[in-house]
Amino acid sequence: MSQTIVLASNNAGKIKEFNELLSQFNFEVKPQGDFHVADAEETGLTFVENAILKARHACAETGLPALADDSGIEVDFLNGAPGIYSARFAGEHGNNEANNALLLEKLAGVPEEQRTARFHCVLAFMRHKDDPTPIIAHGSWEGRILESAEGVEGFGYDPIFFVPEKGCSSASLPKEVKNQLSHRAKALAELVEAFKARQML
Ligand SMILES: O=c1nc[nH]c2c1ncn2[C@H]1C[C@H](O)[C@@H](COP(=O)(O)OP(=O)(O)OP(=O)(O)O)O1
Ligand SMILES: [Mg+2]
């Protein structure tokens with residue numbers, strides 16, 4: 001059986017990673033753009049709320065089950081900012097270069113030990129728009145903010161996120177390595193366990 005699931009994202013970087021991470025499963029995962037679904041309004045105050053809003057929106061627009069990802073980076077020196085506002089940190093939604101430049105600017109002169117940060121990824125899977133029991137999974141990835149951008153892989157904040165266990169930025173890691181370590185990979189592993197518990201895999 002190959003069930004179609006809508007990936008409730010219009011972020012090309014995420015869509016690419018989900019295609020890599022989900023290739024082991026028997027699902028057909030199609031990005032919502034294939035169904036001409038526009039961005040949901042992210043009005044929640046938590047990653048969990050935003051992930052549900054996105055999944056519900058994609059279910060409503062397509063009539064199919066949907067998987068959404070709300071993610072971002074939490075910087076300790078900034079009391080957790082940009083957090084759920086990561087995609088619009090510098091104002092314009094999804095302007096990665098401006099977001100990275102603003103984060104580097106806000107941390108200018110801050111010593112290494114105070115530059116700790118982590119990525120979060122919350123996944124929400126909903127069977128239909130009125131699903132009262134969405135499956136929620138969470139993963140995080142610890143690191144710190146570099147002083148300048150390094151590497152060309154990945155997307156978003158990857159060029160300025162230092163991965164201590166590898167000694168380089170996450171944009172310097174081969175995609176297979178990021179896909180083993182990342183917040184998204186961990187959340188997806190948790191989602192798979194929840195699917196198994198519900199006899200869905
Ligand atoms: O692995 C990652 N490597 C680098 N940066 C990342 C990662 N994961 C999330 N991020 C950043 C990108 C964006 O600034 C924000 C997600 O924002 P978020 O609203 O969840 O996604 P989005 O609006 O880009 O696409 P969509 O809502 O259509 O899925 O966190
Ligand atoms: Mg978004």
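Using the three backbone atoms N, Cα and C, a Cβ is placed for every residue, glycine included.
Here the structure is a predicted model, which means the values were calculated and not measured.
Its own atom aside, the Cβ of ASP158 (substrate binding site) has 25 Cβ atoms within 10 angstroms in the protein chains shown. Annotation comment: TrEMBL describes SER9, ASN10, ASN11, ALA12, GLY13, LYS14, SER71, PHE155, GLY156, TYR157, ASP158, LYS178, HIS183, ARG184 as substrate binding site.
Around the Cβ of GLU41 (Mg(2+) binding site), the same chain contributes LEU53, each under 8 angstroms and 6 or more positions distant in sequence. Here TrEMBL flags GLU41, ASP70 as Mg(2+) binding site.
Under the heading active site, proton acceptor, TrEMBL lists ASP70. DSSP assigns ASP70 (Mg(2+) binding site) to a strand segment in the three-state reduction. For ASP70 (Mg(2+) binding site), the same-chain residues that are 6 or more apart in sequence and have a Cβ closer than 8 Å to its Cβ are GLU42, GLY44, PHE47, VAL48, ASN50, ALA51, LYS54, ILE84, CYS121, VAL122, ALA124.
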Around the Cβ of ASN11 (substrate binding site), the count of other Cβ atoms that are within 10 Å: 18
Three-state secondary structure, which DSSP defines for SER9 (substrate binding site): coil
Annotated substrate contacts SER9, ASN10, ASN11, ALA12, GLY13, LYS14, SER71, PHE155, GLY156, TYR157, ASP158, LYS178, HIS183, ARG184, maximal Cα-Cα distance (Å, integer): 20
Those binding-site residues in GLU41, ASP70, SER71 whose CB falls under 6 A of ligand 1, listed in sequence order: ASP70, SER71
